[in-house]
Amino acid sequence: MEPAGERFPEQRQVLILLLLLEVTLAGWEPRRYSVMEETERGSFVANLANDLGLGVGELAERGARVVSEDNEQGLQLDLQTGQLILNEKLDREKLCGPTEPCIMHFQVLLKKPLEVFRAELLVTDINDHSPEFPEREMTLKIPETSSLGTVFPLKKARDLDVGSNNVQNYNISPNSHFHVSTRTRGDGRKYPELVLDTELDREEQAELRLTLTAVDGGSPPRSGTVQILILVLDANDNAPEFVQALYEVQVPENSPVGSLVVKVSARDLDTGTNGEISYSLYYSSQEIDKPFELSSLSGEIRLIKKLDFETMSSYDLDIEASDGGGLSGKCSVSVKVLDVNDNFPELSISSLTSPIPENSPETEVALFRIRDRDSGENGKMICSIQDDVPFKLKPSVENFYRLVTEGALDRETRAEYNITITITDLGTPRLKTEQSITVLVSDVNDNAPAFTQTSYTLFVRENNSPALHIGSVSATDRDSGTNAQVTYSLLPPRDPHLPLTSLVSINTDNGHLFALQSLDYEALQAFEFRVGATDRGFPALSSEALVRVLVLDANDNSPFVLYPLQNGSAPCTELVPRAAEPGYLVTKVVAVDGDSGQNAWLSYQLLKATEPGLFGVWAHNGEVRTARLLSERDVAKHRLVVLVKDNGEPPRSATATLQVLLVDGFSQPYLPLPEAAPAQAQADSLTVYLVVALASVSSLFLFSVFLFVAVRLCRRSRAASVGRCSVPEGPFPGHLVDVSGTGTLSQSYQYEVCLTGGSESNDFKFLKPIFPNIVSQDSRRKSEFLE
């Protein structure tokens with residue numbers, strides 16, 4: 001807020017500008033129109049369009065209107081014709097009282113640009129009031145010794161009309177003693193005087209009754225009468241005389257009721273009743289509304305009503321002093337009303353625009369006029385508004401002010417302003433008037449919708465039902481009304497191969513997203529697209545957000561056993577030497593699961609066995625191993641059923657059936673892996689050297705016992721028949737892979753070749769790591785051979 005010392009220069013500048021405007025406008029001659037009082041409502045007064053040199057259409061475009069001094073609605077501008085017409089009957093006496101001429105000041109306001117044309121309407125008087133006397137009967141006491149030509153003042157009649165329609169003449173009923181003389185005061189008003197023509201004789205006629213008639217100058221003339229009772233008294237030598245013929249006093253307008261204005265004093269040289277004086281008020285310039293009261297005994301004049309300098313600035317009174325003998329004297333009292341700062345400044349709003357668009361700088365919000373009924377310094381004013389609003393005042397002509405915006409407003413920051421207009425006069429003490437106006441700011445579409453998040457991640461479990469609600473996006477708009485109404489849409493995907501319109505849809509009103517079809521995690525794990533939010537303003541504004549949909553895997557795939565194959569053909573038979581140690585690797589069940597995550601975590605367990613406790617299955621890798629030492633009492637042929645189960649909910653499973661044959665003195669040649677195995681090709685070089693060395697030693701040993709082993713194998717016919725395995729033609733399904741990261745194919749194994757009867761194709765199966773058993777087997781065979 002600015003310090004007071006900084007604001008006073010601005011206020012002085014505004015005051016100086018107003019004074020300059022007043023001086024400038026004083027040279028303009030206002031247009032004057034006239035109309036008779038009591039003219040009917042709607043009567044033609046003037047053609048303002050022609051007088052202003054404007055077209056009728058231009059008056060409407062510029063918002064022409066008529067503003068009067070006291071905001072009276074007596075005049076109206078017809079924008080269709082450009083004519084100034086009466087909006088109501090005008091009563092001159094009510095508008096101006098005795099003031100002549102009766103002039104109504106008004107202005108014609110035009111906007112875009114702002115122009116003010118001053119004009120006056122003269123309301124002429126018609127003779128619509130008759131003269132009226134203040135009393136129904138007047139009583140005069142006249143001594144019989146009064147000389148001829150003696151003048152006796154009479155109370156005048158009052159007529160609300162002015163000019164020639166006021167009282168012009170007085171006459172009295174025919175009689176032999178008196179006639180009436182009509183006198184004219186300085187203000188032009190007429191008053192009667194009774195003049196004695198012949199001597200009076202109390203003994204002949206003690207009283208007379210006459211009729212006084214007041215006649216105005218109207219056409220036709222109007223009149224009023226009063227009865228005069230004249231009482232003839234005995235001789236009275238001296239008439240009362242006032243100390244002063246003229247009393248001049250000044251009274252502040254804020255004097256309280258009952259205050260003493262002045263005391264008049266008269267004296268009479270007679271004694272007794274002839275010297276007793278009484279005072280009376282027999283003429284006032286404002287008899288319609290007299291604010292004074294005269295004491296008949298003391299001559300004190302006191303206020304009985306509040307004075308108002310702005311209504312009447314002076315009063316003229318005639319005081320009569322009468323003695324008991326019927327003689328009288330008179331004096332005049334001139335009362336000047338002194339102006340005090342007793343009127344608060346006034347503000348009248350001519351136009352107010354609310355709401356106003358938020359993006360409209362230098363926009364006129366209000367046009368108003370200020371005035372102070374006081375005079376001099378008491379009537380000078382300063383107009384201001386508070387500092388914390390983006391508005392300013394621009395002085396115009398004829399005490400008009402324009403309230404305009406300083407710059408563009410922002411409805412989203414503030415949608416309503418309460419502006420207090422303060423008017424302070426320069427009187428002592430200073431009087432202040434405040435008036436508040438409310439200005440609403442209308443919305444302009446200057447804010448785009450904003451999503452609550454720049455990106456959304458939605459999770460959908462596969463195998464969902466079509467039309468499933470998968471999530472929502474939300475955007476808000478800081479504007480209001482239709483500018484804040486948001487509609488949602490799917491934007492074209494950046495990936496041209498993504499069938500977005502067949503995957504999801506969006507509710508344009510609330511941003512709800514729906515899946516249009518059942519999603520398959522194995523076919524589509526995730527996809528993303530953009531959504532748009534557009535408001536309904538003009539022009540429309542929009543924004544966009546990214547939506548990422550992640551398809552959650554469901555346990556909809558059972559484990560698939562890769563080895564041993566479960567295709568209904570002759571199963572492979574695994575050969576296990578009876579000399580195998582506990583933990584001997586018989587084979588490995590290899591399985592995969594098309595799901596992911598824990599749905600693809602596989603576990604193995606031995607479901608059935610010919611001889612429980614002989615074999616065991618490792619739960620995590622599917623390796624089938626011997627659980628104890630084999631003996632000759634164990635049956636040679638075993639059937640194992642291995643259960644492969646995933647970790648889904650609910651879990652899915654598959655089974656693998658194995659044939660295991662226990663043999664005596666069985667060994668297997670080493671066969672190198674195919675060159676195509678990428679994992680073996682990348683084995684550690686040290687391991688390769690060790691394997692080569694071990695293979696060389698084994699080869700030398702095998703060569704020494706080759707004939708012996710071959711003879712033993714040939715003797716066992718069943719060994720030849722069960723050594724075959726059947727493998728289906730064609731590769732394994734390519735999509736069956738282990739996705740667990742620790743699947744059953746994570747280790748490297750050697751393979752052996754099985755030749756099936758009647759076929760020249762080579763098949764494979766896992767080669768059991770027999771090297772640790774060769775030494776023990778060879779030792780046993782050597783002992784047998786030596787025996």
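Just so it is clear, glycine is given a Cβ too, placed from its N, Cα and C backbone atoms.
The shown structure was predicted, so the numbers you read here are calculated from the model rather than taken from an experiment.
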Report which of ASN418, ASN463 appears in Swiss-Prot with the annotation N-linked glycosylation site.
ASN418
Where DSSP helix means H, G or I and strand means E or B, what are the helix, strand and coil counts for the domain 'Cadherin 6' (568-671)?
4 helix, 48 strand, 52 coil
Going by DSSP, how much of the domain 'Cadherin 2' (138-242) is helix, how much is strand and how much is coil, in residues?
3 helix, 53 strand, 49 coil
